[in-house]
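Notes follow once the structure below has been shown.
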């Protein structure tokens, strides 16, 4: 929920000229830890030394820089981020470095992981990855916490290779999840429009047929084996007839050259 708050903040045009400043970072932190931290600690750089622990094992993974260095290191990093020209490095690499650097500097007393993930998402958004409502790095990192901490720890030597591989893999998984979700939503919307909002039961095969037609534009008999390698042609034709009877698809042409398309 708090991450959605920060995304609303971004959507409201609060990041002027596409630049991330200390003020923007502090605002993101405030929104991500709202009602989690005391108000006086929200959006304020830490004043004490902290250590980063693996939440599963309690092991200290690394010690961030002293509190006195935090404002300078944040400024130095943000200067680098903001000076990069669009396309100079790939947005995914830029986002991964942003995530790591903010975890390394650990600017706040708590909520640094959430802030780093939010800032990485902001970097992607500013680079035209407008995936705000569908996208969350939290799900992937939380489901794989052990590898998350190990990958971060591996970068403490200055070599970010393992971390970047982990980050880009997680991003690819999340983006693929979004792709599948959007495909399903577009099919659902089409169904609702054609059925006047009425509920209709479809089998798993019929849903797969709908998704195939949505993706390819049409379905022909010659594609049956590709779609359902172990299902007989007669069974698929029965599924198609049911979809035709329900008014969801239409048929153009005859015999095996016929095309089945969305209405």
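Please read every residue number as a count from 1 along the shown chain.
Every residue, even glycine, has its Cβ placed from backbone N, Cα and C.
Annotation comment: TrEMBL describes 20-169 as domain 'Fido'. The active site feature in TrEMBL is assigned to 106. TrEMBL lists 110, 111, 112, 113, 114, 115, 116, 117, 148, 149 with the feature ATP binding site.
Taking the features listed in TrEMBL, we show where each one sits on the structure.
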residue	record	Cβ within 10 Å
106	active site	25
110	ATP binding site	17
112	ATP binding site	22
114	ATP binding site	20
116	ATP binding site	26
148	ATP binding site	22
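Looking only at the domain 'Fido' (20-169), the predicted model's pLDDT averages out at 88. In three-state terms derived from DSSP, the residue listed as 'active site' belongs to neither a helical nor a strand segment and is classed as coil.
Each residue in the domain 'Fido' (20-169) gets a DSSP state, and the totals come to 90 helix, 5 strand, 55 coil. The two recorded residues, residue 112 (ATP binding site) and the residue listed as 'active site', show a Cα separation of 6 Å.
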